[in-house]
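Below: the structure, in C-alpha cells.
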C-alpha cells in the first residue's frame, strides 16, 4: 500500500468519523455549484429580473463566509460539532426540497442564505475535526476531504442539466427574441459570480414553464444519506439525547493518554493537558480575545496572518478565474464561440477535482510545505504563459487545466502545513478558512470592476499579480516558520506557542 501500516491502522480506527466528514463535504460541493446553471430557471420561477436574481449569489456567499467565522463556536465538544454538522447537512437537503416552492426572489435569497450558513459551518468543522483526529498525518485526509467538494461541485450541474429550459421559461410575446440569448446568459452565470447581464432583456411576466424543480428534489434525495450518516455517528458515540443524556467532552490526545497512564505519572499528564484551555481551535471571535495573546511571540501572529493571506490570494484566484474565464474567452482578441467557451469553467473545476484526487497519494510522500511551494510557483508560471500566449485559444484551454491542477491542493496542503507549524495550537483552521472565504468574495468584486474599466486583458494581469502576491506571502511564511520557537520543555503552559503533546494511538477523541 502507498501509505504505511501506522497511518492505515489509524484510518481504520477512525473509519466511520472520517467517512462521515468526507460525505458532509460532498454536501458542501453539491450546494456550491448548482446556482450558476439553474439561476435562469429560478428567475422564471420567481418572475424576477436578472439583476434581482443575481443577488441570490451574494446572499449565499456572504452567509457562507459568516458561517465559516461562526463554525468554530461548535468545537468545544464532539457532540456540539456533530450536532452542528447534522443540522447543516440536513438543512442543505431541506433547502434543495424548498427551493422549488420559492416563488419570490426575497424568499429564495433567504433560503440560500440559510444554505450558505450551513456550508460555512461544514467547511470549518470538517477541516477542524480531521486535523484534531490525525494531526501530523492530516494532510492526506484533508486532500481527500477537498476532493469530495470538487466531486459534488461537478455532480450538481450534471443533475440539473437535463431539466434546464431550452428556451426562455417565461412565455410571452418577446420570448422568441430572448431565447436566442439564453445559452450565452446561462454560461455567464457560472458558480460564485454572475457576469454583467444588465443589457439582456428577458420577459418577466407570462406563463412559467420550467422543470428545474425535479433537479432540486433529486439533489435533496442524493444528499439525504449524509445527515443520516452523521446521525449514525452521533448514535455510535452515544450522543443522541434519547439514548444517552450525558455530553462527552472533546478530549485532546494528551488527555486520552493521561487516562491510560500509571498513577505515578499523573502530575506530568496534568501539566500536559493545561494548554487545551489556552490553545485549540476556536471560532474567529474567540481567537481575537486578548487572553489568547498572552505569552505569544510575534511569529505566532505572523504565521496566522501570512497563511491566511496565501489562501486569500489562491482561493480568490479560484473564484475570479471560474467567474470570468468565460467572459474573457468570448471577448477579443480570442473571440471564442460561446458554446466552446462554455466548457472552460467546467474544464477548470474538472481539473481541480482531478488534482485533488491525485493529491491524496502524493500528499503521503510529499511534505505539505513542498506541495504548497509547487502550487504557488505553478500558478505564477501558468499565468505568465497565459499572458505570453494570450492570442492562443489552444493554450487557454491548456492553461486553464494547468491552473486547476496547481490550485487544487493548495488549501488542504496550506492548512496542514500551518497547523503543523503551530503544533495544533492557535486558530489556524478558523483563520485560514475565513481568509479563503474573504478572498473569494473580495477578488471577484475587484476583478469584475477592473475588467469593466480596463478591458478583458486585465483579467490575466490581475491573475498574475495575485499569483505573485501568493508566492510573496508564502516566502514570508517560510521565513516566519524558521523564526518560530522550537518546542522546549520550559515553554510556559499558558502560552499559545507551547506545542501539543501528541498521542500515537490515533483514537477518535470524544
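Including glycine, each Cβ sits where the backbone N, Cα and C put it.
Between the stretches 21-40, 161-180, TrEMBL puts its transmembrane segment entry on 21-40. Between the stretches 257-279, 395-417, TrEMBL puts its transmembrane segment entry on 395-417. In this chain, the transmembrane segment (300-328) lies in contact with the transmembrane segment (370-389); the count of Cβ pairs under 8 Å, excluding pairs fewer than 6 apart in sequence, is at least 3. Sequence-distant residue pairs (6 or more apart) of the transmembrane segment (138-159) and the transmembrane segment (395-417) include at least 3 whose Cβ atoms are under 8 Å, placing the two stretches in contact. Recorded stretches compared: 214-235, 300-328, 340-358, 429-451; the one with the most Cβ pairs under 8 Å to the transmembrane segment (52-74) is 429-451.
Between the transmembrane segment (21-40) and the transmembrane segment (105-126), three or more CB pairs separated by 6 or more residues in sequence fall under 8 Å, so the two stretches touch. Each of 81-99, 105-126, 429-451 was scored by its Cβ pairs under 8 Å to the transmembrane segment (300-328), and the highest score goes to 429-451. Most Cβ pairs under 8 Å with the transmembrane segment (340-358) belong to 395-417, among the candidate stretches 81-99, 214-235, 395-417, 429-451, 457-480. Beyond the ends of the transmembrane segment (395-417), by six or more residues, the same chain brings 127, 131, 138-139, 142-143, 145-146, 150, 307, 310-311, 314-315, 317-318, 321, 325, 329, 334, 336, 344, 347-356, 358-359, 362-363, 367-369, 371-372, 374-376, 378-379, 382-383, 385-386, 389, 428-429, 432, 436 to within a C-beta distance below 8 angstroms of the stretch. The recorded stretches the transmembrane segment (81-99) and the transmembrane segment (429-451) do not share 3+ CB pairs below 8 A when only pairs 6 or more apart in sequence are counted, and are therefore not in contact.
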